[in-house]
Amino acid sequence: MSTVDGVKSVRPVLDSRTSYTKSPTDNMKQRFSSLDVKVIAHELQQCLVSLRLSNIYDLSSKILLLKFAKPDNKKQLVVDTGFRTHLTEFGRTTAAAPSAFVARLRKCLKTRRLTSVSQVGTDRILEFTFSDGQYRLFLEFFASGNIILTDAELNILALSRNVAENEGGQEPQRVGLKYSLENRQNYEGIPDLTKERVRTGLEKAAERTKAASAVAKKGKPKTGADLRKGLASFISETPPVLIEYTLLANGFEMAKPISEILASESIFDELFKSLEEARKTVENITSGDKCKGYIFAKYRAAPSGDSTEASDRSNLLYEDFHPFLPQKLANDPEIKVLEYPDYNQTVDEFFSSLEGQKLESRLSDREATAKRRMEMAKQEQAKRIEDLQEAQASNFRKAEAIETNVQRVQEAMDAVNGLIAQGMDWVDISKLVEREKKKQNPVAAIIKTPLKLDENVITLSLAEEDFEEEEEEDPFETDDEDDENGTPEKAKPAASAKAIEVDINLSLSPWSNAREYYEERRTYAVKEEKTQASSGKALKNTEAKIQDDLRKGLKQEKALLQPIRKMMWFEKFIWFISSDGYLVLGGKDATQNDMLYKRYLRKGDIYCHADLHGASSVIVKNNPKTPDAPIPPQTLSQAGSLSVCTSNAWDSKAGMGAWWVNADQVSKSAPTGEFLPQGSFMIRGTKNFLPPTQLLMGLGFVFRISEESKAKHVKHRLNGVDDGDANAGTSRKKADTEVAALEQPVEPQSVDDDASDMGDKTADESDNGEEAYEKRDNPLQGVSSKRDEEADDEDVEEAEKGVHNLQIDTDKQEADGPKDEAEDDGEASSPEDAATPSVAETSEEPTQASGKQQAGNKPKQPQQPVRKRGQKAKAKKVAAKYKYQDEEDRLAAEALIGAKAGQEKAQAEAEAKAKREAEIAFQRERRRAQHRKTQKETAEHEEIRKVMMEEGVELLDDDEAQKTTSLDELVGTPLPGDEILEVIPVCAPWGALGRYKYKAKLQPGSTKKGKAVKEILERIKFESGKKGAVDPQGKDSDKMWPREVELLKGMKAEEVVNSIPVGKVRVMLPGATGGGRGGSNAKAKKRGGKK
């Protein structure tokens, strides 16, 4: 028995779907048993609960694909209606548009969290509960199967097929009815296994067997089958297959009749112990988180004993799978047992192999059909030429026969023409010829009947002399030599007479008839020459048409199953590897910008950005072992180019320059009283501007190789450099000098034009920077002027205090009221700000406006209202009038005049107003608490980051440390002998793809990304189909290799599109729609013609 971990290759299995029979090894297993459903439910409960259903797809009319996901955890569940369901590690081609049933499932279940997976009783039904029971999805694996969606009260909302009343003994099922669970197997609970229950069940089974045998007239009853059926009729919690294998393992005779088992107490006790053992086996299978699975396969051909041959999967036929290992099958030498660590992987391997074999068979059939068509075309062309050659030979022989028998021909013609001239009837002429043949007339003997006198033609049977090629006589040959050869001269026949039928035109002479046949021979010779000349071209056209039809047919077929590639940790960002071997990361939105800053921006890294709307925040990862090592200028230029290309400059086709700063110049802490929106950062110190670059990107394909193949690749990266810290400073100075030649120094006052709203004074103070930046010997970093050093020190201290004591100016919010609160919140969370991070320079001291605002926001005492003239006297009169009116009289008077309704209305309005004000105050307080929490977390993160920058400490979470991938595994051009594992699409500046074998140039254009990607992939497939384009040995680097072509053909356009961070493009490929040189060459020729 062999143990297999993580097998992902498609295995050949039988290509037939038959129902599961009684004996598990007679036919291939196709349907889940109750034990399979129980084990799958147990494993899905462990790995799918708490995940959200991201989407549902159609794979076929009866197979669905459910995708569950949460951050860094994605699962795919295949549901074959009525047959099986399991997690899969293979990618499958989905339908172009969802069916009505899938659209209904998407509407109800998409983005909902899965809360539980369970088996309904012991029946073959799985229940998926979403959103704590708000929706329930039932999968039935019996009869024709069904998928039913209900609400919390089991009202059917959607189902894959309607079930009519009394169909297979089931209750009717359609939308609007209730889904019944009471009649499912052991829904109320599994009964205990007792001797009374077993004895009662066997007695009823014996009665049914006796009644069935009385009805049957012929054939003997199968006692073994009777026992199996009898036990399955009342023991539904244990699969019959497991019971049968347990009985066989314990030596129990299955052929014993039920009556004999009931009569003998010892035999009954033996049966009961085996049943208890089978039930314990079921309980032990689901005791752990995962259950082992076993696949049982037969050999196509008997193995010769070689271990490699015995382990070859291509020689195996999968037949069965179980979550337990039967002793009978384990000891069978004709059966190969494959063990897997979990049952989902077991079922996935079994059924995915079946699917892969079917798909591969269909593709092979199409290719075989194309080859047959090509062979038929060649055979047809050869037959046409052969027919022309036969026609030439036939005409030549007829002409030779006429010339040889010219006298006989003339006599026959004269005889027939004479009879016609006499006016004899044509029928009489034929009768006369027949009579003369009987009289042995030599002229009549060569005339064939019936005559074709209506065409003025007769058919003659002429003798044809087939002369052998005679060798030239040797003048020196003697008679002795003839005797030595043993063939006397008299024994060699000179000629052999043959008869050939020739049509003779009665209006022509024999010589003219011969000349006609010579002319026909010459005509067929010309046709043969033309046919042979055009046969090559005709075959090429036919082959091209057949290949085109094959290509269209293969597009209609689903692709072969490919293992799902696990994404690397940096693929969720915009990423590429620079030409110098550095990992460059960019954020796709404001959330990813913050993630890059908090998780991945470390000491020695470079932060790159551009002052353009939509520009991405880009970081260049330095080697953590040598954080002071310089970043090469070419890498900085490529990172800046990525930031510019992801901005609006791509659509406007206006290239601009970017800038970069060190990691310790980037901060998330804003000055006191200010708040930075998501994706925005504060930059302290001088920005190092890069020259404008071309808007030129490239789509490339990088290959991931195995650990053993990495040693062959010597990369020019700094990851493998072990320089000491003593040389780090010298290297930094040298690199800064090189960068100075590439970049354009800018005056400190004009560093950031976009931050002009903060005031000229603030910009000058921030440009002068902190005192710590003077110590860096970099000509590109700004140096503070001595006349502002003292003021800058004070500003730095205030800024550091602000980081520890971040507070929100809530008094201003209270004074402004709820309207200002709503405006502030809307501005902070606007889509434009979230999508386009704004990078502002820090203000080292609070602005004066905010200080005055704080001083002027003291609460004021409410003023007493001033009464108008005459109101005091009127109040006295009213008091005197109602002096003796008590409360009861007042209420009665108010009710009489209708004043109470107005008071109640005013009171209700006052209560509603107070409620609204309380809600606004609550929301204001909630926002304040949220701002305080965010600022507190920011301050804590900044403190930790400050320590990391100063101490050079690298803090990684456990999951981040596990996901760290060596860049040496990713190569653009594999070397001969490399083990290629997978292919990864990458979009990067064109200069970074110099060493890539497969790449395409992208420029700003009008083609959508999806169409451009499909064009690139189709071009690769087309090139791989050319003759001599693929090197089967995989040694010529200038040609495609079979493994590369296989991986590239398995790429999906959707996966590649997600890696392109720009908008509409123009593809630059030789012969592509984007065109490359045709236009310029045509213009040059046109200009040359004008000259």
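Glycine too: its Cβ is placed from the backbone N, Cα and C atoms.
Caution: TrEMBL annotation is automatic and unverified by curators.
The region 'Disordered' feature in TrEMBL is assigned to 463-496, 713-883, 925-945, 1069-1091. According to TrEMBL, the compositional bias 'Acidic residues' annotation covers 463-486. Annotated domain 'NFACT RNA-binding' per TrEMBL: 572-685, in sequence order. The feature domain 'NFACT protein C-terminal' is assigned by TrEMBL to 961-1068.
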Secondary structure split (DSSP) over the domain 'NFACT protein C-terminal' (961-1068) reads 39 helix, 27 strand, 42 coil
Across the domain 'NFACT RNA-binding' (572-685), DSSP yields 32 helix, 25 strand, 57 coil
The predicted model's mean pLDDT over the domain 'NFACT RNA-binding' (572-685) is 89
Helix, strand and coil residue totals from DSSP for the region 'Disordered' (925-945) stand at 21 helix, 0 strand, 0 coil
